[in-house]
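For 84-268, the entry in TrEMBL reads domain 'WDR36/Utp21 N-terminal'. The feature repeat 'WD' is assigned by TrEMBL to 68-109, 110-152, 153-194, 195-236, 237-278, 279-320, 321-362.
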């Protein structure tokens, strides 16, 4: 419009290969004046392509591609950029390293922290910046291309243990053992806000998809929902009887899930702060929880060695994932939503079918407990990492 390019996205989270294309297009036309008659052919083609993608059978098996002895001291975390062309590792050796996925070659070592580099992230989907949070109480912002340090964010009075970029990549949020979260301006390096209200360590945080709200989980047994622009607390989600281990928004920003040491996972309504459901299938602490990309499924991982899959609409359990011989510390869906990946202290990662709960593959080879595992966006590459250096 007037030489300016604007973008708008339409979510089709319920799209399936069986969806009636014509009916969907007429629904879209009703709600989207931008989709005029001349655009219908184009939209139909896009929908058909998406349906084709959704109907592709995923019988992929993974094979051990590279084993990297990444750091002198143990690792803390791993993260992919969106395309999966490179990934980063944080370590007790006070550095973060950038790796080329295809060759396994080390591209850069990000040096400058004075203690353990614990929390790390790419600013996906862009992937041109990296944030590292450290036990030295600072967070650093780096150029992913050159390894140059843009900013050092100082202000926390204790270790930084979690961080996230907002979806627009204009802010970094950090959570600390000092009971606060802080928002930092990516461009200027300035502190934008301090989110005060928790009475114990913040160990998990997550932006919603729009980037206007942030959720924080704390050892004080509560979860806080914050308005990003004002830095004000919108809701305190009270109900868990143990430390919070994990928090996440669903894609359409309507729901929040929380995992706790009280052996339960709770589902909350973001608008009201009300608890909608308590998912209580586990016999031990819930260590990780997540939605799939569309927000239709919830997965929970526990110290009891099992994982559960639930419907996000009905809260009914769909599958119980059994097979690990020790606690499961991490769980995630592949972006396609057909597979779940779990990482365990039993030295294996496992790949499961979401609908049936069948274990499709055991990823072996590590000699130590696996505490982190993740897919790239295409869903064709997995990284697993162990405490062993």
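Numbering starts at 1 and runs along the chain as it is shown here.
Even glycines carry a Cβ here, placed using N, Cα and C.
In TrEMBL, annotation is done automatically, which means it is predicted and not curated.
DSSP places the residues of the repeat 'WD' (279-320) in helix, strand and coil in these numbers: 0 helix, 22 strand, 20 coil. Taking Cβ pairs closer than 8 Å, the repeat 'WD' (195-236) reaches residues 158, 161-168, 171, 173, 175-183, 242-249, 251-253, 256, 258, 260, 262, 268, 270, 272-273 in its own chain, all 6 or more past its ends.
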